[in-house]
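A.B. asks: Just dropping this structure here.
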């Protein structure tokens with residue numbers, strides 16, 4: 001396995017809060033996958049600030065992932081096709097669905113993700129890995 005790509009994103013939590021307020025909550029429904037949306041609603045019910053911070057980290061994760069795989073937010077990378085969930089230990093991991101999952105599987109691409117938030121910022125770093133020949137082809141290196 002070799003590095004296929006890296007991506008990072010920094011989201012301003014107050015900006016995410018403003019968009020959420022302006023859209024009456026539709027922004028969360030547009031961006032979050034079903035499992036993420038359940039966690040968002042549960043966290044927001046306990047603490048508005050923690051719910052919005054969660055939304056900001058997940059928005060940031062999708063942006064960083066789209067950069068790591070080199071597609072940006074273009075098909076098959078869609079907002080809801082990628083979810084960042086947490087293991088019981090708290091470790092984040094990504095789960096793709098639909099056409100994005102098929103696209104990643106066809107290339108053997110996997111990813112590692114880390115997310116963090118502090119006051120008004122949420123940051124994500126993603127490392128996408130693929131078999132050596134796939135990563136080499138993307139970088140233009142001879143196989």
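Yeah, the Cβs are placed from backbone N, Cα and C, and that goes for glycine too.
Owing to the predicted nature of the structure, the values given are computational and were not obtained by experimental measurement.
So Swiss-Prot lists these for the protein:
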{"type": "BINDING", "residues": "9, 63", "note": "Mg(2+) binding site"}
A.B. asks: Name the secondary structure element type, per DSSP in three states, that contains residue 9 (Mg(2+) binding site).
C.D. replies: strand
A.B. asks: When you measure from the Cβ of residue 63 (Mg(2+) binding site), which residues in the chain that are at least 6 apart have a Cβ under 8 Å away?
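C.D. replies: Counting only residues 6 or more apart in sequence, the Cβ neighbours of residue 63 (Mg(2+) binding site) under 8 Å are 7, 9, 11, 73, 124.
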